[in-house]
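**Q** Quick paste of what TrEMBL says about this protein:
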- B:6-29: transmembrane segment (TRANSMEM)
- B:76-99: transmembrane segment (TRANSMEM)
- B:119-141: transmembrane segment (TRANSMEM)
- B:162-180: transmembrane segment (TRANSMEM)
- B:200-218: transmembrane segment (TRANSMEM)
- B:247-271: transmembrane segment (TRANSMEM)
- B:283-306: transmembrane segment (TRANSMEM)
- B:326-348: transmembrane segment (TRANSMEM)
Amino acid sequence: MLRSANFVGLLYLNLMSDVQDYIPIVLQSLVVLAFVVGTLVFAPKLGPKLSSAKKDANWECGIEADGNARFPISVRYFVIAILFVLFDVEVIFFYPYAVNFQALQLEGLMAVLIFVGFFLTGFIYVLKKGALEWEK
Amino acid sequence: MDTGLLIEKIVLIVLLFAVSLGVAAYLTLLERKVAAWMQDRIGPDRAGKWGLLQPLADGGKLFFKEDFIPANADRFLFIIGPGLAMGFAMMTSAVIPWGPNIQAFGRDIALQVADVNIGILYIMALSSVAVYGIMIGGWASNNKYSLFSAIRASSQMISYELAMGIAIITVVLMSGSLSLREIVDAQHGFWNDGYFTWNFFKQPIGFIVFFVCTVAELNRAPFDMAECESELITGHHTEYGSMKMGFFLFAEYVHLFIGSAVISALYFGGYNFPFMDYFSGNTLAILGVLAFFVKTGFFIFVIMWIRWTLPRFRYDQLMGLGWKKLIPISIVNMVITAVAVAFASGWFSTDKKDQTEPASAKMEVVADKQKLTLNQSTIKH
């Protein structure tokens, strides 16, 4: 209990930044936003505008477009997406540890080695299950 | 935040904005010149001397082209897609330290828009939302090629992000900070105490993993699954025209520039260069910025070189490389680094005087904990 409270505390101390540090980022995002919106609004007014049924159709290499493009796709992509979410969350846990590596000393190292063990167990399970085999 | 600092930051932001756009524009020319050189051609040479006005001609042409929206596309998402791609690409540069502090107008000016202490996480976050531009644009076009490209691109980018994240962790572990400024400063000079200071020499495997992942995140050959011309026409921007297509192309080159800058900051010492201690003040700052741009330019060239040398991967090979090779390699590299650093700090040594003191500055909680254990031990005795 105490240990987990400490860990959250460490995370808080290190990731808490002075709010002022972020003001320039807000300024930069405003400049970028103005540029992007300005270009997207004014650039289309410069070119010619012509339209007809054939011209406005999707371009599929000169062949008549057949049906809608929003059709079901291979389930493999969804498996990859779900695995990414799982493993990325685990990878995120390493970041606060890496920052506090020197402070947590040997105890922290042991804990993380055990955590890597869990990570690898899950990873090997996924490999053996064949979830990453693209073609059977 | 005082007015002087605010003005300084605004000038820096506008300057950085212009530099990013200019570099991205001239990278399109450089890419064509490099391609021409490698294929024994001349490349663009009509607009201006050596084709130096070519980017302006291309940009001008794109502005005056017809802005086309397919009849059955989702109009709102179709317009917002390239905007997102461009916007996120231009914001990534905020946390990169471009050089040592410069003295001007009686002020000490940091050549970095924002020194936030989560710097590298900010870059990771923005490079992962960058995929939304491609995904939204590709889906909104309602074109089968675009849809395939969008799905391939997002799936590829998320796969390589894992290995990239773990490779960054090893660097963070050695420098003890997520701030890019601190990571670069930890690599001061070139040679110290009989060993190289740059992270590349301490983390060669991490560097290779990070470099491969960067190329994959940039969607560049040999990982250009998203827009392989021979299969998917040009992928997510098949239906785009005018500046909307220009935004997609521009975003790609801005990412190339920023990606190379991040590689040189993380692994090649950023603005540090050999014998930098012989200089000081503004000379050091200017030389530092030059060194940083030379390194960045070198990596841009290497990435272009790879594009014109290697053929494209097959999709299952790409996924296999990302998941089955790079992730295990980077995990093992991380564990070895952690144990090696622990060993070097003497944590395994039984002799107490060898041990390094815990870094105490930011560790108030740890201090409390030690007090607690102290109290317990006094109670016991």
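Cβ atoms here come from the backbone N, Cα and C positions, even for glycine.
Automatic, uncurated: that is what TrEMBL annotation is.
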**Q** I'm a bit unsure how to read this: which one of B:6-29, B:76-99, B:119-141, B:200-218 has the highest number of Cβ pairs shorter than 8 Å with the transmembrane segment (B:283-306)?
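**A** Ranked by Cβ pairs under 8 Å, first place goes to B:76-99.
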**Q** Top stretch among B:6-29, B:247-271, B:326-348 for CB pairs under 8 A with the transmembrane segment (B:162-180)?
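**A** Comparing B:6-29, B:247-271, B:326-348: B:326-348 has the most Cβ pairs near the transmembrane segment (B:162-180).
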**Q** Where else in the chain does the transmembrane segment (B:6-29) make close Cβ contacts, counting only residues six or more beyond its ends and a cut-off under 8 Å?
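**A** Non-local partners: 44, 51-52, 54-56, 58-59, 90, 93, 98, 107, 109, 111, 113, 249-250, 253-254, 256-258, 300.
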